[in-house]
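Shown next, in structure tokens, is the structure this report addresses.
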Amino acid sequence: IDLREVSQKSKLHPKPEGLALQYGTAGFRTDAKHLDHIMFRMGLLATLRSKKTKSTIGVMVTASHNPEEDNGVKLIDPMGEMVTAVWEGYATQLANTEQDSLLKELKDIIEKEDIDMSEPASIYVGKDTRPSGASLSRAVLDGVSSLGGKTHDYGLVTTPQLHYMVCCCNTHGCYGSPTVEGYYQKLSQAFLQLTQNASNRTDDQKRLLVDGANGIGALKMREMEPFLRSKLQVVLSNDSSSGKLNHMCGADYVKVQQKAPQGMNMGVGECCCSFDGDADRIVYYYTDSKGCFHLLDGDKIATLISTYLKELLTQAGLNLQIAVVQTAYANGSSTRYLEDVMKVAVCCTKTGVKHLHHAAQEYDIGVYFEANGHGTVSSLKRAVKLLESTINLINQTVGDAISDMLVIETVLAIRGMSVQDWHAIYTDLPNRQLKVTVSDRRVIDTTDAERRAVTPEGLQDAIDSLVKKYKTARSFVRPSGTEDVVRVYAEADTQENADRLAHEVSLAVYRLAEGVGDEPKPLH
Ligand SMILES: CC(=O)N[C@H]1[C@@H](OP(=O)(O)O)O[C@H](CO)[C@@H](O)[C@@H]1O
Ligand SMILES: [Mg+2]
């Protein structure tokens with residue numbers, strides 16, 4: 001194998017000594033300053049993956065909901081899915097190898113996977129709006145070309161758009177045409193077709209305020225608008241590239257803070273939604289006449305969509321198995337509603353859409369959403385004509401804010417529901433998410449889809465006895481896969497109790513993870 005070019009070019013992308021990073025929940029993420037060598041190496045790895053699978057592979061440069069100064073990278077597999085766990089392992093190995101053993105590490109992977117290096121390779125590359133994206137995506141291209149791979153640089157795209165392109169390419173056009181116009185055309189045609197009979201929709205109901213998180217989603221929404229032919233009137237805010245990405249706005253801010261983003265001019269009862277920094281998450285919300293804020297998160301979205309699909313199946317007399325996949329963060333009320341009232345099967349997986357996606361594929365129709373609004377519908381294998389347009393509206397490869405938004409608007413239109421009707425389906429249990437900083441978050445290990453802590457010793461017992469003090473309470477902790485923090489989640493009968501429980505559990509985490517009794521500082 002001729003790795004001379006890799007050897008030369010890798011010198012232009014040196015690894016800072018001692019820096020170790022993990023391929024986390026959604027790829028590598030950290031301060032953009034430390035990522036150049038990671039990008040080059042992910043270009044190399046994507047090329048190997050492409051040769052191995054004899055397909056096009058995607059490389060997306062993004063740090064999603066994280067601060068503007070951060071960046072990151074994720075690899076996209078042939079069908080638009082996240083790369084497999086084994087290859088995530090290679091990614092971590094390759095990323096952490098010191099400069100002088102890079103070639104050896106590459107050869108190891110080539111050997112282990114028995115890769116025919118004479119195969120051609122094709123890599124699609126995209127990036128979000130972060131200033132560091134330009135030079136980092138060039139480093140990816142450098143990696144690919146040093147192994148002789150071909151690249152197509154899509155430039156600024158949302159993460160789900162790149163997933164879509166990869167899937168289109170590898171299915172030879174069956175999924176759509178691999179261009180942004182192809183994407184807009186596919187989604188908007190399905191939307192217009194499905195909503196054409198929902199004629200009693202008022203102009204107010206056609207209006208949707210969209211918070212673009214000052215990111216790529218805003219840009220792409222503006223491009224898509226003409227395709228929607230005023231059937232959906234999108235009012236964009238936080239759509240300037242001069243505004244700071246994800247700062248006091250975007251889906252993660254709205255979900256975790258449980259309040260409206262800044263920079264949005266919301267009228268009473270108006271239907272609003274927020275994307276995250278790479279537009280793969282969406283949450284809805286409105287404020288009522290008393291100024292109260294009401295959030296419709298991923299759990300509410302999963303409920304709306306699965307209820308609608310179940311109705312379609314009944315109408316069509318189809319005996320297909322439908323299920324909703326959630327994570328430990330799903331509000332207890334949503335799980336109860338789906339199982340007890342809707343009689344829909346619910347299953348729980350670890351955090352990260354790659355886990356939900358695989359679980360969803362076990363069913364004829366799998367609706368999966370993380371509570372934070374990251375999700376989609378998958379596996380519409382045996383469904384028939386009636387579902388065809390609905391399927392076209394859905395980006396089945398990965399969670400996609402724009403496509404999800406159109407699906408939601410369609411279901412609301414067809415069922416004549418307002419955002420308030422939708423909100424009333426069930427009442428969320430008050431909840432709170434906190435972050436605790438500890439010196440090594442890896443001391444926390446979990447089981448049962450992250451709902452129980454195995455280590456440090458005594459932590460789960462401490463959580464259990466704190467939870468017992470409250471009514472309808474639940475709490476769990478897990479190390480984040482995208483930030484250097486431990487996440488704490490709690491829900492209880494009142495907001496005060498949820499806040500108190502989250503705080504108490506944070507204290508226990510700090511005490512047991514650090515082995516000391518100091519006061520921690522839980523952050524919102
Ligand atoms: C509690 C939470 O919202 N966690 C998020 C967050 O992962 P962490 O591993 O919790 O940092 O980022 C992931 C990628 O966007 C997303 O899939 C996940 O749901
Ligand atoms: Mg995201």
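Numbering starts at 1 and runs along the chain as displayed.
Glycine is no exception: its Cβ is also placed from the backbone N, Cα and C atoms.
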Among Ser64, Ser465, Ser475, Ser480, which residue does TrEMBL annotate as binding Mg(2+) together with Asp276, Asp278, Asp280?
-> Ser64
Could you round the CA separation between Glu370 (substrate binding site) and Ser64 (active site, phosphoserine intermediate) to a whole angstrom and send it over?
-> 15
Compute the mean position of the Cβ atoms of Ser64, Asp276, Asp278, Asp280, which form the recorded Mg(2+) site, and then list in sequence order the other residues of that chain whose Cβ is within 8 Å of it.
-> Thr62, His65, Asp128, Thr158, Thr159, Gly215, Ala251, Phe275, Gly277, Ala279, Arg281, His374, Ala401
Neighbouring binding-site residues, C-alpha within 10 angstroms of Ser64 (active site, phosphoserine intermediate) - of Asp276, Asp280, Gly481 | Asp276, Asp280
Reading the DSSP string in three states, the entry for Asn372 (substrate binding site) is coil
Which Cβ among the binding-site residues (Pro479, Gly481) has the fewest C-beta neighbours inside 10 Å?
-> Gly481
Could you give the residue numbers and ranges of same-chain residues that sit at least 6 residues beyond the domain 'Alpha-D-phosphohexomutase alpha/beta/alpha' (51-83) on either side and whose C-beta is under 8 angstroms from one of its C-beta atoms?
-> 26-32, 35, 38-39, 42-43, 45, 91, 113, 115-117, 119-128, 130-133, 136-137, 140, 159, 162-167, 169-171, 213, 244-247, 250-253, 276-278, 280-281, 353-354, 357, 396-398, 482-483
Three-state secondary structure, which DSSP defines for Asp276 (Mg(2+) binding site) | coil
